[in-house]
Amino acid sequence: MPNFTDVTEFILLGLTSHQEFQVLFFVVFLVVYMITLLGNIGMIILISISPQLQSPMYFFLSHLSFVDVWFSSNVTPKMLENLSEAKTISYVGCLVQCYFFIALVHVEVYILAVMAFDRYMAICNPLLYGSKISRTVCVRLISVPYVYGFSVSLICTLWTYGLYFCGNFEINHFYCADPPLIKIACGGVHIKEYTMIVIAGINFTYSLSVVLISYTLIVVAVLRMRSGDGRRKAFSTCGSHLTAVTMFYGTLIFMYLRRPTEESVEQGKMVAVFYTTVIPMLNPMIYSLRNKDVKEAVNKAIAKANLG
């Protein structure tokens, strides 16, 4: 019989055990975090004040930026604290971090799916787009990912709460994540492991199917267009979203659709750096650098600020 012990806190081993790299990592991730906050909050403000960005596509983009702010803020501050001070996190703090992480991941993948559906409606049904994707419909579409994501996360976190530990409280990660927690647990592992893979598999498959079906129909519609300018415009509005989808889904699938082993946890830690810190920073750049409307809105906002 395993000798279960009460756990009050965990030790986060972080990104590296090499002391000489910790100052460098602290500076790098502090800069990345500040850019993430400025980029995403700036995008939200820009969309809210720019008349030319008052469309469903940018409404959904503002929510993607909102989620990215909280997604990064759930992980990065604690990672920076662990790089500079104590390496511990309380048991309750660990569960809370797990809860928000799982919730925000689900919210983001379904917002990406909603954005793909929005592009399908805009390109394949342009005459009906204004009436079908009204403000009320947008609010309903964006509400579903939030309600569903936070509900599913509550169930997943209760299964995490069902894990038992036997004295090894060292988490081989820089935040509380299910795979490394499963790796150090000595009880309640099987139900948590299989439910994690099943839930991740179902949600990633379903949301990704919406994206793939939407873009398959979009490609068919674009290829039927006679105008070369029309094709270029259609693909340009989709390119940024496809880039974001590829990066986010690719890294999450690599992390969560494998059984937790020593090797997969170590590899997952490196991949997690990308989707918890780098992708939230890159998303505003991806959508602004490749988007004519956003560039024009930025130029007008700067010109207005200078005149003021």
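Cβ atoms are placed via backbone N, Cα and C, with glycine included.
Since we're looking at a predicted model, the values are computed, not measured.
For the transmembrane segment (23-46), the residues of the chain that approach it from at least six positions outside its boundaries are 15-16, 53, 61-62, 65-66, 68-69, 72-73, 76-77, 79-80, 83-84, 277-278, 280-281, 283-285, 287-288, 294, 297-298, 301, judged by C-beta separation under 8 angstroms. Positions annotated as transmembrane segment by TrEMBL: 23-46 (among others).
Taken from TrEMBL, the feature domain 'G-protein coupled receptors family 1 profile' applies to 39-287. Per-residue pLDDT, averaged over the domain 'G-protein coupled receptors family 1 profile' (39-287), rounds to 86.
Listed by sequence, the residues of this chain that lie at least six past the ends of the transmembrane segment (88-117) yet keep a Cβ under 8 A from its Cβ atoms are 7-12, 57, 60-61, 63-64, 67-68, 70-71, 74-75, 78, 141-142, 144-146, 148-150, 152-154, 156-157, 160-161, 171, 175-178, 181, 203-204, 207-208, 210-211, 214-215, 241, 244-245, 248-249, 252. What TrEMBL lists as transmembrane segment is 88-117 (among others).
Here TrEMBL flags 137-161 (among others) as transmembrane segment.
Under the heading transmembrane segment, TrEMBL lists 197-223 (among others). With a cut-off of 8 Å between Cβ atoms, the residues of this chain six or more beyond the transmembrane segment (197-223) that come close are 106, 109-110, 112-113, 116-117, 119-120, 123-124, 152, 156, 230-231, 234-235, 238, 242, 245, 249, 252-253, 256-257, 259.
TrEMBL lists 235-257 (among others) with the feature transmembrane segment.
Residues or ranges marked as transmembrane segment in TrEMBL: 269-289 (among others).
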Spatial neighbours of the transmembrane segment (269-289) far in sequence, C-beta under 8 Å, 6+ residues away: 15, 29, 32-33, 35-36, 39-40, 42-43, 61, 64-65, 68-69, 71-72, 75-76, 172-175, 177, 180, 240, 243-244, 247-248, 251-252, 254-255, 295, 298
